[in-house]
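Among the features that Swiss-Prot reports, region 'Disordered' is placed at 41-101, 772-813. The feature compositional bias 'Low complexity' is assigned by Swiss-Prot to 63-101. Residues annotated as transmembrane segment in Swiss-Prot: 164-184, 252-272, 325-345, 347-367, 431-451, 461-481. Annotated domain 'ABC transmembrane type-1' per Swiss-Prot: 167-489, in sequence order, evidence recorded as sequence analysis. The domain 'ABC transporter' annotation in Swiss-Prot covers 521-767 and is backed by sequence analysis. Under the heading ATP binding site, Swiss-Prot lists 570, 571, 572, 573, 574, 575, 576.
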């Protein structure tokens, strides 16, 4: 990214302010010795004591003429043969090499804006910058990132680390509950086997001697002292009466259950609390990173994708921490413990089970690789459906007015049909896996049972224990597979989450050199292409022979001193992007924007924006809240009286106190507020901030509101004003006027200077357009006045007719009275 400077070093008399802006005379050092892979950065030093450049209008005009000539030459060169084109490319490469060789002498104003600055008071050290690889984040899709799985796991662990003691105690409780669950099958098997043995013994005695009648021995009549049995003894006695003499085993079962219950509670509570804490911090960092991204990032990414990252992906992370992680550890412990117990009981049967489990695991891995792309595709289609719903609901008025309901319905049905077709194959794969997995599980159980029978385990307690532990192991395998699936979703979601959290904004958000409050604003050979603003602009020199296709601004240079009024006119859309570059929302593709003598790429934009305000009805946003909250938005430290004073200056106070709750009345996007009143809220915000630089868009201001004109006239006093002019009075009061056409400045000067050239674009196009607008407005106003006068005349005639009718009625009534009196 290079440019040819258009600055002339002038004498001291031509420079209005020689003092360095905001930093006294202390030198500033930029250390650019960091190596980033193959990129070797040079060391650049500069001192603010040296004279700094300002723009010479004459040289800017000369450069404009040169650029026009260059464009003509480029057009001629495009008609030449391929050899000439090759020569041009070689010249471009040579020029690029020359410019790259001169980077050591260029001021740090031209430091590549992709670099991230560690701003300190007087020394800037680039060695601490943590660079983000260009391929680590895809600007246009959250579903295609090169974030590695290992890096995602490491980042998740960094968020878990502050809650480490929650997880330590949660895993301790989890281990105890798992041990209890491992002991239960052993106790149950012993109890059931003992009951079966006792019943078989009694049945054997009865069947061998049918003539012997066994009668219980009569209890002697002895008086004994009875005691109330404990709860444990009561439960044990009831169980014993049902299943035989298993008192010892059942006591252990009750003890295990009672021990397990509080640890189950602790496990769930600790995992849930830790999960909420981790996800809360993650969402905070995610939203903070989102707010610090440059505006062009939101231009190139869909709102629905960003909302899905904050809402859906973070919810997946929370579910994995609170549920899936616990399930993974629990099932792993149960699997390992169950296998160890089975090895202790019979190592031969255990080997058979392990062989079935290996087949199940391999099948799962193959299935996961097969179904994972389908899952990602379905997730992407779900996001598209969400976008259609958001757009349709948010723009329902426009859809209704344009009769576009059927079009939106067709789009929705198309996405639904695609989702339905994809879901059918996804469901078919899942159904196959569930049936195949169940077949493997049942085959494992049947194989173990058959092998155990062949090993003469059927007549011992080992067979029942084997079956119970086999069921536990297969259930653990199913739980492991489910938790691994959820963790795979977590990895996919965390790639999108951490790609956004770690993304370094192209336009720095905070920090930098603080400008003076009386700084001027200057553009030096500024080119801007919004389509390429997100990427490196290494190939810009190769694009010069393409007539600046796609450029919004081309070779724009001007300066506005403190207290001056600059007007921007012309049909080009470049005027709006002048505002965006001054606001620091974008960086220029080429060239430099200076605030004072400071490049916006190293400027403290946070401070500068506090001294800057834009009045444009199209950019005025009403937030959900009260009137007072909307006026003071971002300035919570101000008192209510400050709000009232600003509202009075904006001619808004009388309207607000007429509302049901005054300044506490709720407004927002869904409230039907008059556009004039919304504009007054914006003007009240400007009075409250008292900016030193005011950006004014007159193209959307109402012409017939005297209150708006009076409040703006009061606001612009003693301020630097840059206006997109649409009124003749504004042009007459301007210190300088820039006429834009075809994305470049074609004329400049005061109103009187530009008006003297009758054939100029300013006279033939701009003034005629403004006069036509005023004539139309005046004609409309005259027509309205004539209509009002006619209505008034008609009303007067009607009133006269009514008066005549009343007089006639009075005469008739008098005649009737006279006749009546005569008859009497």
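Using N, Cα and C of the backbone, Cβ positions are placed for all residues, glycine too.
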For the transmembrane segment (252-272), what are the same-chain contacts with Cβ under 8 Å, counting residues 6+ beyond its ends?
166-167, 169-170, 173-174, 176-177, 180-181, 183-184, 187-188, 191, 232, 235-236, 321-323, 325-326
Report the residues of the chain - excluding 570, 571, 572, 573, 574, 575, 576 - with C-beta within 8 Å of the mean position of the site's C-beta atoms, for the recorded ATP site, in sequence order.
568, 577, 740, 743
Which sequence positions outside the transmembrane segment (164-184), separated from its termini by at least 6 residues, show Cβ-Cβ distances below 8 Å to it?
252-253, 256-257, 259-260, 263-264, 266-267, 270-271, 273-274, 277, 326, 329-330, 333-334, 337-338, 341, 472
Going by DSSP, is residue 570 (ATP binding site) sitting in a helix, a strand, or coil?
coil
Residues from the same chain, set at least six apart from the ends of the transmembrane segment (325-345), whose C-beta lies under 8 A from its own
170-171, 174-175, 177-179, 181-182, 186, 267, 271, 353-354, 462, 465-466, 469-470, 472-473, 475-477, 479-480, 482-484, 487
Sorted by position, what residues of the same chain at least six away from residue 574 (ATP binding site) have a C-beta under 8 A from it?
552, 553, 556, 740, 743, 744
Would you report the average pLDDT that the model assigns to the domain 'ABC transporter' (521-767)?
83
Among the binding-site residues 570, 571, whose Cβ has the fewest other Cβ atoms within 10 Å?
571
If you count Cβ atoms within 10 Å of each one, which of the binding-site residues 572, 573 comes out on top?
572
Neighbour tally for residue 576 (ATP binding site), based on other Cβ positions within 10 Å of its Cβ
16
